[in-house]
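Chemist: Copying in the features that Swiss-Prot gives for the protein in this structure:
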type: COMPBIAS; residues: 154-181; note: compositional bias 'Acidic residues'
type: REGION; residues: 65-98; note: region 'Disordered'
type: REGION; residues: 151-186; note: region 'Disordered'
type: REGION; residues: 243-264; note: region 'Disordered'
type: MOTIF; residues: 63-70; note: motif 'Nuclear localization signal 1'
type: MOTIF; residues: 293-300; note: motif 'Nuclear localization signal 3'
Amino acid sequence: MIKAMALSSAGVVSHLHPPSFSSSSGLSVNRVLFRNRNASPCGLSLPILNPSRSVLVFARGKNRKGFVSSSSSSPKKNKKKSLDGADNGGGEEEEDPFEALFNLLEEDLKNDNSDDEEISEEELEALADELARALGVGDDVDDIDLFGSVTGDVDVDVDNDDDDNDDDDNDDDDDDSEEDERPTKLKNWQLKRLAYALKAGRRKTSIKNLAAEVCLDRAYVLELLRDPPPKLLMLSATLPDEKPPVAAPENSSPDPSPVESLSAEDVVVEPKEKVKDEAVHVMQQRWSAQKRVKKAHIETLEKVYRRSKRPTNAVVSSIVQVTNLPRKRVLKWFEDKRAEDGVPDKRAPYQAPV
């Protein structure tokens with residue numbers, strides 16, 4: 001559109017300054033633009049100009065195959081595209097890369113023969129030789145993998161990596177490496193003890209005591225019990241269902257005579273007295289009878305004794321209530337006090353003074 005407007009403006013300028021060159025049709029531009037020079041310029045007629053190639057390219061680029069132009073594009077974007085098309089007006093039409101790629105694929109499919117034969121063994125050997133030369137391995141075809149890896153090299157690399165890791169671990173944990181040193185061959189008594197433990201089960205066996213007994217590392221004993229070797233399994237299957245012999249302590253005396261002298265007849269088992277179930281009030285009375293008489297209680301009893309050597313039952317009940325002493329204890333105290341003072345048990349009849 002901008003190009004067409006520019007061309008139309010150029011025609012108007014040519015009206016003001018008419019050029020002297022002639023058109024391709026053999027008629028002068030003056031004749032085409034102004035048929036009557038004496039007449040007023042209101043009857044202006046412009047020649048029909050063919051659109052330039054760049055405008056056609058720009059218009060065609062909008063409607064290319066495989067691209068859908070959005071109707072909601074902003075006018076600024078359209079203006080920018082039109083300016084780019086105007087700048088590249090003199091260039092040739094650029095091909096779409098996707099269309100060129102599809103065209104190449106179609107040509108390859110057309111040229112491709114459907115009767116291709118499978119790869120023969122000779123071609124495979126030739127390919128293996130080329131890979132060997134490229135990798136610098138040699139002519140050994142068995143060590144070469146067609147996917148680009150060499151089996152021998154991979155094994156060597158893996159071994160080297162493992163060796164490196166082992167070296168690092170040994171440098172970092174020297175103490176662990178010393179603890180992990182395991183005997184190459186177990187002795188018969190160690191195998192027998194481990195077989196008994198395997199037969200009994202790990203849950204019923206103290207791993208710590210077992211490791212100390214067989215003089216092995218605890219981790220190694222655990223590994224043997226979790227994944228026992230075939231020899232240990234066979235030995236465990238042949239063992240009878242008996243407990244292993246308990247080793248005698250070193251400090252024990254070899255003569256077992258004192259142990260045998262103790263027989264069941266000599267040992268006398270004293271029967272335990274069965275505690276009878278007693279009532280609460282009986283237990284309370286026994287406890288109160290064992291209660292110690294305090295000094296304040298004695299003072300109260302002495303005050304009552306000064307007033308009456310033989311207190312009545314009401315007075316005794318009040319004393320029991322105040323002192324929380326048992327009744328028998330109170331009566332016993334009064335009897336002992338009368339015996340100390342020499343008061344007779346029976347009261348003598350009253351005699352009037354003469």
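Just so you know, the numbers here start at 1 and follow the chain as drawn.
Cβ atoms are placed via backbone N, Cα and C, with glycine included.
Since the structure is predicted, the reported quantities are computational estimates derived from the model, not experimental observations.
Quick one: where do these features end up spatially?
Modeler: The average pLDDT computed for the motif 'Nuclear localization signal 1' (63-70) is 44.
Here the motif 'Nuclear localization signal 3' (293-300) has, by DSSP, the following mix of helix, strand and coil residues: 6 helix, 0 strand, 2 coil.
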